[in-house]
Structures are given as structure tokens and as C-alpha cells.
Amino acid sequence: MNNLGNFGVWGFGFFSLSIWFAVLQQANGLRPIRETARSWGDEWLFGKKEKGGAGPFSAWNITGTYRGTWKFLDTVNSSSKFPDFRKESGNSVIELVTSPTKITGVHYVQGAVVFHDVFDNEHNVGGAQIKVEGVYIWPFRQLRLVANSGKKSDSGLEDDYLLSNPYHLLGIFSSQVFQESPRDRILKQKTSPIYEMEKHCNIEIAAQISQSTSSENNGDKDRYQIEGLMESPAVDDEVDCFSPLSLNATSINVEVYYNKAVNYTLMVTFVSFLQVLLLIRQMEHSNTQSGAAKVSIVMIGQQAIMDSYLCLLHLTAGILVESLFNAFATAAFFKFVVFSIFEMRYLLSIWKATRPSTSGEGWETMRRELSFLYSRFYGILLGGILLMYEFHNYMRPILLLMYSFWIPQIVANVVRDSRKPLHPYYILGMTVTRLAIPLYVFGCPKNFMRVEPSKAWCVSLCAFMGFQAGVLLLQHYFGSRCFVPRKLLPEKYSYYRRLDHNVNRSRDCVICMTTIDLRHRINDCMVTPCEHIFHSGCLQRWMDIKMECPTCRRPLPPA
């Protein structure tokens, strides 16, 4: 009996010790995340390899940007608190930043969820953005997020990630340049129902993380997929803010996105190099004073302003996205070369050719006129920047206006009756190279700027530019006024007017110093308004250089 009593006492003591040890372990597990130390039991349960590893419990770094869709589980939103949520589905972007905690297998998560196409078009408030935080239990691939209370995080991990992510930074850049201005965005946010949602709703997201392999750019990349459910129970009553919706998003390969931006800058560099070659060809085509005077200074100035804007845009993008600075700075440098060296030099030569020459003027007069030219050019440059900022919502019509740079040359050809001012290669080459950037931005469905493509606008731009180039080519081959009715044209001086056939004497051409036989065909000689006679070929070649009479230096009308 004594042995049985001792055995019962020992058994009861061992059972009590086991219960006390179990309660102690449970209490230890209820400590805060940041204060709980790693235990031997945790390492045994979740495995010692938290980073890397190929086992079933290997940690996945889910920090990144995810793009996908959202959809209401019901046909329509059944909430009466926010009836503006009328659309059934739309696009979404999820930004997540994770950091390890002292509990093995649990990561702290911060981020934001952006819902596009939430409201009707009549509200025009853009996407709804919600800041979230929670935990990621990586052994079970479970993600739990709730709406952030709005207080600033101590770690700053989310801000550091967004400031170093080229996808996020270039999205901000393109939204300010091509989509909406900061002032409009702030006004939309003030009137957005999203603020009421943050006040009256609790956002809860439960998601599962899965892994998939993508072979983009000839390389296998691990991509993560988020599939989950988002619910929004109300704070003050039992009515939900909106119906439950499903989330489905896939991680973005930042390396592929980076390569897209680099390829774009290579395209801009190549296009700029082609434009330099075309400008050199055109400058050789109009290397005389008469040839340069036929070119419209407004046409060259408009192209120079366009290239200066592109230089500033690429330089700003390179400064904003530090990891892409070298690529964008190279593109900006080539645009600066096109603008400052070649186009400005050509603009000055045109200005000098069209400027009336007076014999008694001094250097002060020329310097004053040159400074006036530069002040007008840079005044238009700065004024254009202010106008584009003010009328930011009308960027596409403004681009159509900027891409009408051939129209001043067409009008100048008709007014002056100029003969072949531009080389055909320059017309075709500039038309094609100028279309490269807008067609990429507004036509490529997967451009790195994330601008919504518009096929109709791209077709309109190509047709508009093609029409201008076609008119210039018609003027080149069939005459500057070939499409203008003769009734509307002023009377034109004829260099092939009839001579007095009773005059049977020969005259000398002062250009080639040979005799002109007036008894031959009338088309073999040309007569100026000042009654001087020259060979037709000699005077035409002379007028390609100077529009002055070789004998008396009087101005000559266009032929």
C-alpha cells in the first residue's frame, strides 16, 4: 500500500508539472511579436532555414509590386453606405514590404492596395488607395492584412521601398506628365469617398500566396500570386461598407520592367542619331544663302522646342529614378545635342539668310537683333511649359498642335513660291522619327510608363503627319503652288517673255561669259525685270545661290 501511495504521489506530481509546463509555453506564445524570443520548439516546428532553402517551409520574399484584378462576389455592390461603388470589377495594384520578426515563420507586412475603376465616370476621382498592415505566415503561405490606422510607421520600410522602386517612381512621373496634374489629383482626393471609407470601415484581407514560374526575356523568374478575399465590416453598425470582393494579383518582375525602360532609352538615342544625320543632309542641301532663305524659321524653331522639352523630360525622369539615371541621361544628352548644336545652328543660318543686309549697320545692331531672336525663342519655350502645366488635361490636343511643324513650311512655300526648299529624305526621315516616341507612349500596350494606349489617337496622329509630309512632297515634285487654283494666285513674272526678234545681235552672258544667240528657242534664255539676258541654266543655278541680278544686283522675283 505504501508503494502504491508513493507511486500515486509521484504520478500526481508529474501530471501537475506537465500541466504547469504546458501553460508556461502557451503564455510564452502570447507575448508580443517584437518581444518574443526564438525558442527551440519554434525552430523545430518551422525549420531552422528561414532564408533560402528549397524545402516545403522555405521563406519567400513577397516584397514587391503586384498587379491584378478585383471583383465583387455578388453581381453588384449591395451596400447602402457606399452606393457609389457600382462597378462589378476593375484593376488593382498591391504594394507590399515585409520585414522579419522575432517569431520564426512570421513576417511583418506594410503596404497599400490601390483599386482602379471603382467609381462611375461621373465622379472622376481616380483610384481608391488604402494603406494596410499585417502579418505573413510564410510556412503556411498565409497573408493577413487590415487597414492601417493612419499613424506613421517607425520603420519607414514602405517609404524606402517606394522611393527605390523604378516601377512606382516612373508611374508617378508618367501620371504627372501624361495623365493628371498634382493640383487636380489633390482636388479629387478631397472629394473622394475613400476618406469616408477609412473613417467608417474596417478593412480585412485574407489571402493565400502561391508561386509560379515565368519565362520572360529568355529567363525563368519566380513570380508570386496573391488570391484572397477582402471584407469591410462597418465600425458603428452591422451594415457592411460594401460587399466582399475577391483579389487576384501577380508580382511584377522589376528586372523586366527595368529592361523595358533601358530599351526605350536606346530607341530614343538611335532616333536622335538618325535625326542628326537627317539635319546634316538638309543643311548640305540648303548650304547657300538662297537655299537657307527658303526654309521656314518657324518650322525649325518648333522642332527645336520639341527636342528641348524631350531633353528636359528625360533628364527629369533620370533624376527621379536613380537606378535608371545613366540610361535616361544618355537619351537626354543626345536630345540636347540635336537641339543645341544642330537645330540652333541651322536656325541662326536661316535667320542670317532671311535678314535684309544693309551696308552701313554695325555690330551693335546685329547683336541687338540676335538677342531679340534668342529672347523670343526662350520666351516661347518657357511659356509653353506654363501653358502645358495649366492645360494638363488637354495634353493630347497640345501634342497634335506641336506635331504640326510642317505647316509653316507649307505656307511659306505657297507665299514665297519657293522651289525645293527641303530634301525629300529630310521630309520622310523626320516624319518617321518624330512619330517614334508618341507612338510608343500612346500606342504600345505594355509601355513602361503605364499610359493607357489609344489606337484612335495614334492613327489620327499618323494620318495628320502623313498628310503634311505628302503635301510637302507634292510641292517638291510638282511646284509649290500646284494645289492652289490659278485664279487665286497673284500674277507671276515670266522670265521667258518674248523678245524683239528684229534685234539680230548677240549678247554675252555675264555668268558663263559666252555668247547668247537670241535667234534660238525662247526657252534657252531668261530675261530679268531689269532687262538683262542670261542663259536659262546659268541664271537658275545663280538664283539657287542668290536672288540678285548678276549684273546690277537688284532683287529678283521667284522663278
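Yeah, the Cβs are placed from backbone N, Cα and C, and that goes for glycine too.
Ranges compared are 104-148, 329-373, 509-553, and Swiss-Prot records zinc finger for 509-553.
The topological domains that Swiss-Prot gives for Pro421 and Pro558 carry the same name, which places both on one side of the membrane. Against the transmembrane segment (260-280), stretch 319-339 has more CB pairs under 8 A than any other of 319-339, 371-391, 459-479. In the topological domain 'Lumenal' (445-458), helix, strand and coil residues by DSSP number 4 helix, 0 strand, 10 coil.
Confidence annotation: the topological domain 'Cytoplasmic' (340-370) carries a mean pLDDT of 82 in the model. As a summary of secondary structure, the zinc finger (509-553) carries 11 helix, 9 strand, 25 coil according to DSSP.
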